[in-house]
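Pulled from Swiss-Prot:
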- Arg28: site 'Transition state stabilizer' (SITE)
- Glu34, His35, Thr36, Asp37, Tyr223: substrate binding site (BINDING)
- Gly124, Ala125, Gly126, Leu127, Ser128, Ser129, Ser130: ATP binding site (BINDING)
- Ser130, Glu162: Mg(2+) binding site (BINDING)
Amino acid sequence: MSLKEKTQSLFANAFGYPATHTIQAPGRVNLIGEHTDYNDGFVLPCAIDYQTVISCAPRDDHKVRVMAADYENQLDEFSLDAPIVAHENYQWANYVRGVVKHLQLRNNSFGGVDMVISGNVPQGAGLSSSASLEVAVGTVLQQLYHLPLDGAQIALNGQEAENQFVGCNCGIMDQLISALGKKDHALLIDCRSLGTKAVSMPKGVAVVIINSNFKRTLVGSEYNTRREQCETGARFFQQPALRDVTIEEFNAVAHELDPIVAKRVRHILTENARTVEAASALEQGDLKRMGELMAESHASMRDDFEITVPQIDTLVEIVKAVIGDKGGVRMTGGGFGGCIVALIPEELVPAVQQAVAEQYEAKTGIKETFYVCKPSQGAGQC
């Protein structure tokens, strides 16, 4: 049973009438451009064919009822006429409440809604299940009430909800790609202007995501430390963000910087340049160059930004040994565990899967999870 059929059936059973709309918003994987988003830089993600799906209908009052199919059909209910506050027990409900609350601040011309939510974006894998949920809820209200909001505004609203209501720091990339993703394309995003450019993906290439299943423990504290180090670097150059520093300017004075800060800055500057070049390589179908850029990105994250772990490095090495210069592989996401992403000719996927199955657990004691994805369409009706 598809997520659409599942949520429609649950909706009819729970609320006693049929849903009028079904909306989806996808998760994402970032192909290249790591930790560049909060430095006003470039990222190159694609939406994937794992998504949050919501069957829904407008109400003629100001009540919101939400059922979470993936959390034992827990039900949350709140009113648009009262101040929206955090739910005491259901963390999932706070993503919904946050999106609705921040949408009220942008455009208060919507009424109540009934929703049933389900999704298959793996949670805790760094594939943006939370952004997918935020964008899906925003799109529900936009579609049901014909709100004059575009995808970028729905994305910004989701980011605000996560930062201010849920209380989790995040850049804008995850929500933007979920809202604006394009089938068979990646999206080059300028995180300063929020300008986007669709980049066609070569035919016959699979997007493979492998979860190391190494439990991320340092990610929060270390993430904040990296942000502070980048801000220190930008201040040294008297610029608003590292986006505004050239590699030549950096090389001329790198010896004057704190050595750790210098390494962090070098990663951001080189990663930004790699990301822009990667978009061109992809568009030209140059998988060999894309693979080189992904390898350089991984080495930079490992040696300069220091956010990889041995388990992730092992996974990357296993995959690279199989694909050689026919594709690319690197860690993706915040670091300290999580996933790797690989661009692999479809005919090599079975060999990669076999090599990883034979070697990764033997070397690390952890079993991986393997996902083969397609670059998919952003949020909308399904």
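Count begins at 1; order follows the chain as displayed.
A Cβ is built for glycine as well, from the same backbone N, Cα and C atoms used for every other residue.
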Taking Cα-Cα distance, which of the recorded positions Arg28, Asp37, Ser130 are within 10 Å of Glu162 (Mg(2+) binding site)?
Ser130
Once the DSSP letters are reduced so that anything not helix or strand counts as coil, what is Arg28 (site 'Transition state stabilizer')?
strand
Using a Cβ cut-off under 8 Å and a sequence separation of 6 or more, which residues in the same chain sit near Ser128 (ATP binding site)?
Gly27, Arg28, Val121, Asp174, Ile177, Ser178
Given the binding-site residues Gly124, Gly126, which one is most crowded in terms of C-beta atoms within 10 angstroms?
Gly126
Excluding Glu34, His35, Thr36, Asp37, Tyr223 themselves, which residues in that chain have a Cβ inside 8 Å of the centre of the Cβ atoms defining the substrate site?
Gly33, Tyr38, Asn39, Val43, Gly171, Arg226, Ile268, Gly334
At the level of the C-alpha atoms, what whole-angstrom distance separates Tyr223 (substrate binding site) and Ser129 (ATP binding site)?
19
Cβ-based isolation winner (fewest other Cβ atoms within 10 Å) among the binding-site residues Ala125, Leu127:
Ala125
Could you check which of the binding-site residues Gly124, Ala125, Gly126 is the closest Cα neighbour of Thr36 (substrate binding site)?
Gly126
How many Å lie between the Cα of Gly124 (ATP binding site) and the Cα of His35 (substrate binding site)?
18
Remaining residues near the recorded ATP site, that is with C-beta within 8 Å of the centroid of the site residues Gly124, Ala125, Gly126, Leu127, Ser128, Ser129, Ser130:
Gly27, Val121, Pro122, Gln123
